[in-house]
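Undergrad: So TrEMBL says this about it:
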SIGNAL    1-18  signal peptide
BINDING   Cys138, His140, Glu174, His198, His401  Mn(2+) binding site
DOMAIN    218-312  domain 'Peptidase M20 dimerisation'
Amino acid sequence: MGFLTWVFFILQILLLHGLPISSDSNLSSKDLSEIPKDFLKVAKRVEFFDWMVSIRRKIHMHPELGYEEYETSKLIRHELDKMGIQYKYPVAVTGVIGYIGTGGPPFVALRADMDALPVQEMGEWEHKSKIPGKMHACGHDAHVTMLLGAAKILQEHQEAFKGTIVLVFQPAEEGGGGAKKMVDTGTLDNVKAIFGLHVAPDFPITEVYSRPGPLMAGSGFFEAVISGKGGHAAIPQHSIDPILAASNIVVSLQHLISREADPLDSQVVTVAKLKGGDAFNVIPDSVVIGGTFRTLSKESLMQLRQRIEEVIIGQAAVQRCKATVNFLESEMPFTPPTVNNKGLHQYFQDVAGDMIHISSVKDMQPMMGAEDFSFYQEKIPGYYYHLGMKNETKGKLAYLHSPLFEINEDALPFGAALQASLAARYLFENKPETTPLNREHHDEL
Ligand SMILES: [Zn+2]
Ligand SMILES: [Zn+2]
């Protein structure tokens, strides 16, 4: 955008929309309730929308897997530079943390994940992935775009904020524990609240879905090698059959859910991998099984982990086999359950309700998918929600991780405006508790 267009754009925002943000920040509740509506008007403006669409398509065409998001990160920093937003880089390999406001407390954070998936895009459209075997099939291209959109809206009002909005662009959400790495750097230690979202192809556009307490499951992965003694399939007495042992293990693992877990405490164990033998008449030496387990509390997750190991080793021994169990924590750290802060639930309903009407702010059932936003929530009061994208008139959208997954770009302004509103209102409603830090100390956040 050229300079004159930019000035005109700012004037349009200030004059036509009359945003009720003044530097004294003593806003009435009516003023506060106007912020989300006005931010949405800004995000829906043609120039703004087109800019977001172009960013999203650029990222979509160049998907990068976890901890390899170098180009995505570069694009983010380039856009932040253009907006005059300071940032810290690299954080957790490819992550970027931007700062808007005074540089002092209170700090409120907005988070987007940047990574794509090892999926070959099957949909045909002009901006499909240019990288074979990689695709933004979980919508993280839209998440980055919406956070940049929120940043652009917020930066326009940076003088009005008494406090700092922290923009968190994290790597490796898809099983790589990118959020954990971000938290471990300590850069978010003083943040008072953090908000994150996920696009939802099965919920209608203009609606948001969430709940207080557990929203998504904690998860872990396991792989076990069951070793016996190979031999002739017709003379089993000379062998120790690991296939029989593995079969019993698969069945026994399901009994952990049906007989040991509280029926009201949702849990899942799935054996998704079972490999052993490649001849019709040979008992193999060993079998490998692997899978995932999910729970809605961290205690249940740890209990299930222990029992999975005991059942695999114990059940293998029944068939005279030996077993080793690997929980693969270095590559895929356990993800805790995503548990929404109860106080922030009311706050979220107020802000989202002001933007899209309270009737469009829906409660949802917890789901057993996992989300590493939970690593932030272990340290900081956090709130996670799903942003509807479904528009029946444009046809059904494929689900997350599908090679046919697509984004309804009409949802971009809603995500950008709602994230911006959650951060702005938080600062207006939570005054600094202490003297603001000197600006150059913001890195010590
Ligand atoms: Zn995903
Ligand atoms: Zn995702």
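Every residue gets a Cβ built from N, Cα and C, even glycine.
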Undergrad: Can you tell me whether DSSP puts His140 (Mn(2+) binding site) in helix, strand or coil?
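TA: The three-state answer is helix.
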Undergrad: Go through the binding-site residues Cys138, Glu174, His401 and pull out the ones with a Cβ less than 6 angstroms from some atom of ligand 2.
TA: Cys138
Undergrad: Taking 8 Å from the centroid of the Cβ atoms of Cys138, His140, Glu174, His198, His401 as the cut-off, which other residues in that chain fall inside it around the Mn(2+) site?
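TA: Here the nearby residues are Asp113, Asp115, Leu117, His136, Ala137, Gly139, Glu173, Leu400.
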Undergrad: In the structure shown, which of the binding-site residues His140, His198, His401 has the fewest Cβ neighbours within 10 Å?
TA: His401
Undergrad: If you count Cβ atoms within 10 Å of the Cβ of Glu174 (Mn(2+) binding site), leaving out that atom itself, what do you get?
TA: 20
Undergrad: Measuring CB to CB from Cys138 (Mn(2+) binding site), give everything in the same chain under 8 Å that is also at least six residues away in sequence.
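TA: Same-chain residues close to Cys138 (Mn(2+) binding site) (Cβ under 8 Å, separated by 6 or more) are Ala116, Leu117, Glu173, Glu174, Leu400, His401, Phe405.
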Undergrad: What mean pLDDT does the predicted model reach across the domain 'Peptidase M20 dimerisation' (218-312)?
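TA: Computed over the domain 'Peptidase M20 dimerisation' (218-312), the mean pLDDT is 98 on the 0 to 100 scale.
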